[in-house]
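Before any comments, here is the structure.
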Amino acid sequence: MSIVIPRELRPADGRFGSGPSKVRPEQLDLLRDLGTDVLGTSHRQEPVRALVREVRSSLHDFLGAPEDYEIVLGNGGSTLFWDVATFSLIRERSVHGVCGEFSSKFAAAVAAAPFLAEPVVTRSVPGEVDPLSAVPGADTYAYAQNETSTGAMQPVRRVTGADAGALMLVDATSGAGGLPVDLREADVYYFAPQKSFASDGGLWLAAMSPAALERTATISSSDRWIPPSLNLQTAVDNSRLDQTYNTPAVATLALMVSQLRWLQAGGGLDFAVARSAESSRRLYDWVEHTSYASAFVADPAARSRVVATVDFDDAIDAALLARTLRENGVVDTEPYRALKRNQLRIGMYPSVDPDDVSALTACIEYVVQRIA
Ligand SMILES: *Cc1c(COP(=O)(O)O)cnc(C)c1O
């Protein structure tokens with residue numbers, strides 16, 4: 001190892017990934033507790049169904065969901081949910097706000113569907129977010145609350161002037177649990193557990209409004225061919241029974257339950273949002289006062305509180321910086337590949353201790369003094 005960061009400068013936990021993200025060591029206790037009587041048992045029986053029930057009811061509470069919203073889940077992660085939405089939620093024409101890699105993938109999935117009209121796609125410059133405008137005739141609007149590839153966030157709001165009954169689909173994969181939300185502003189607020197919920201990937205979860213549930217039922221009973229595993233009605237039916245259509249990863253559910261218990265005990269969504277806000281405040285303050293670093297997202301209001309992207313002067317090789325941090329146990333600060341920037345990307349989900357973010361900035365300074 002070429003550069004050794006003194007131990008006293010290093011964060012207590014060096015995981016700053018944007019997903020999968022830090023799993024708190026305490027979460028493993030529940031996994032161990034369930035290790036011999038719940039892990040490795042049937043997902044159709046009460047012990048695993050109890051986990052699913054807790055995930056659903058706890059999330060409903062944590063997200064402050066209106067009474068008539070339902071938490072629905074299934075296997076496959078957020079990427080799979082784009083296909084679910086393509087088959088089961090969009091009636092004919094959708095509008096997509098594309099501001100990076102993730103939002104562009106959903107738009108591409110819809111554009112390729114032969115049974116849907118060509119979607120209307122609004123593209124933002126990477127690092128920016130533009131609120132969607134109403135398009136007459138559009139029945140679905142889609143955007144990301146937090147674009148994880150660029151570190152830009154936007155508030156969850158209904159599109160002004162949209163047709164009556166148009167659904168608002170919000171990709172909250174990295175926003176849910178770390179950013180504020182009023183679920184009345186969304187019809188489908190969907191995410192996966194490997195970001196703020198500090199679990200493993202492979203599951204999708206969605207808070208669905210009555211309008212979204214009704215759209216799902218209508219499309220499901222229409223003559224559209226829907227692959228069974230992508231049929232949202234099937235997921236709704238199974239979720240209501242605290243089950244999934246096919247076998248879930250039980251450990252993923254358990255890790256998510258333990259994280260939800262911790263978040264709820266701390267004070268719920270306000271607590272979670274405040275943790276990430278404090279971490280990001282420390283990071284952006286440091287960037288502000290550091291001559292060789294700058295925030296990639298120009299508009300301070302759009303700078304994500306859960307995933308920060310920090311550009312470095314050309315004199316500093318950010319890839320070497322990330323590699324050196326990694327050699328010292330400070331991992332996953334590499335930027336999103338496709339962005340091709342001389343930058344670091346830092347995940348600051350609620351599990352991350354704000355003090356560890358402060359330690360990270362000290363580590364960056366230590367390494368930069370030796371590689372610049
Ligand atoms: C991580 C992420 C995804 C992809 O999630 P998977 O569960 O890996 O499919 C999608 N959208 C956003 C905004 C993300 O951050």
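Just so you know, glycine gets a Cβ as well, placed from its N, Cα and C.
Here TrEMBL flags Arg44 as L-glutamate binding site. With a cut-off of 8 Å between CB atoms and residues at least 6 apart in sequence, the same chain places Gln243 near Arg44 (L-glutamate binding site), listed in sequence order. In this structure, Arg44 (L-glutamate binding site) belongs to neither helix nor strand by DSSP; it is coil.
Residues within less than 8 Å, Cβ to Cβ, of Phe102 (pyridoxal 5'-phosphate binding site) and separated from it by at least 6 positions along the same chain comprise Ser78, Ala144, Glu147, Thr148, Ser149, Asp171, Thr173. The feature pyridoxal 5'-phosphate binding site is assigned by TrEMBL to Phe102, Thr148, Asp171, Gln194, Asn246, Thr247.
Look at TrEMBL and you will find 40-331 tagged as domain 'Aminotransferase class V'.
When secondary structure is read from DSSP and collapsed to three states, Lys195 (N6-(pyridoxal phosphate)lysine) falls in the coil class. The Cβ of Lys195 (N6-(pyridoxal phosphate)lysine) lies under 8 Å from the Cβ of Ser18, Gly19, Ser21, Thr148, Thr173, Ser174, Ala176, Gly177, Gly178, Val306, Gly347, Tyr349, each on the same chain and at least six residues away in sequence. Taken from TrEMBL, the feature N6-(pyridoxal phosphate)lysine covers Lys195.
For Asn246 (pyridoxal 5'-phosphate binding site), the number of other Cβ atoms no farther than 10 Å from its own Cβ, over all displayed protein chains, is 13.
Residues Phe102, Thr148, Asp171, Gln194, Asn246, Thr247, recorded as contacting pyridoxal 5'-phosphate, have a largest CA-CA distance of 28 Å. For the recorded site, Asp171 (pyridoxal 5'-phosphate binding site), the DSSP three-state label reads strand.
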